[in-house]
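Before any comments, here is the structure.
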Amino acid sequence: VHLSSEEKGLITSLWGKIDIEQTGGEALGRLLIVYPWTSRFFDHFGDLSSAKAVLGNAKVLAHGAKVLVSFGDAIKNLDNLKGTFAKLSELHCDKLHVDPENFKLLGNVLVICLAEHFGKDFTIDAQVAWQKLVAGVANALAHKYH
């Protein structure tokens, strides 16, 4: 993924304002609610039977924060996403057998969460930059599958 210096600036400036725990938990929670088939990878998380159960599930919130911390690693290494996510790609492919399409879904849900949290501060240019980033992360996570 090629990001201009302006796009990198938009990503890093917004990243500094994100509440990792809240936004990460919300993004993973939304993924599980909007795309319920993704919950099969989280059977060990307990009750995921309703939107309320998902959004109140401590394991969902904690794992969502962990996922967003990984996005922080991406932001620190925007020019080497494949290298940054090599081990996670291997884990998700070889051990967890996650459908790589789910990485794209999560990225898009994250962008929706950012738009909701930041409103008009999440400009079209910011969305373009973040869409490129989440696509790059999804690609890097899917790398081991190819």
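Cβ coordinates come from backbone N, Cα and C, glycine included.
Under the heading heme b binding site, Swiss-Prot lists His63, His92. Cβ-based neighbour count (10 Å, all protein chains) for His63 (heme b binding site) stands at 17.
Summarising model confidence by region, the domain 'Globin' (2-146) averages a pLDDT of 87. As annotated by Swiss-Prot, domain 'Globin' applies to 2-146, with the evidence given as sequence analysis.
Look at Swiss-Prot and you will find Val1 tagged as N-acetylvaline. Val1 (N-acetylvaline) counts 18 other C-beta atoms within 10 Å of its own C-beta, drawing on all protein chains shown.
Secondary structure at Thr12 (phosphothreonine), taken from DSSP and collapsed to helix, strand or coil, is helix. What Swiss-Prot records for Thr12 is phosphothreonine, and it gives similarity to another entry as the kind of evidence.
Taken from Swiss-Prot, the feature N6-acetyllysine applies to Lys59 (among others). Shown in sequence order, Phe42, His44, Phe45, Gly46 are the residues of the chain, 6+ apart in sequence, with a C-beta less than 8 angstroms from the C-beta of Lys59 (N6-acetyllysine). Annotation note: Lys59 (N6-acetyllysine) sits in a helical segment as assigned by DSSP.
Taking all protein chains in view, 15 other C-beta atoms sit within 10 angstroms of the C-beta of Lys82 (N6-acetyllysine). Sequence annotations record features per position, and here Swiss-Prot assigns N6-acetyllysine to Lys82 (among others).
Taken from Swiss-Prot, the feature S-nitrosocysteine applies to Cys93, supported by similarity to another entry.
What Swiss-Prot records for Lys144 (among others) is N6-acetyllysine.
Of all the recorded positions in the record (Val1, His63, Lys82), the one with the smallest CA separation from Thr12 (phosphothreonine) is Val1.
Its own atom aside, the Cβ of Thr12 (phosphothreonine) has 13 Cβ atoms within 10 angstroms in the protein chains shown. In this structure, the CA atom of His63 (heme b binding site) is 21 Å away from the CA atom of Lys82 (N6-acetyllysine). Val1 (N-acetylvaline) sits 10 Å from Lys82 (N6-acetyllysine), taking the CA atoms of both as reference points. When the domain 'Globin' (2-146) is classified with DSSP, helix, strand and coil residues number 117 helix, 0 strand, 28 coil.
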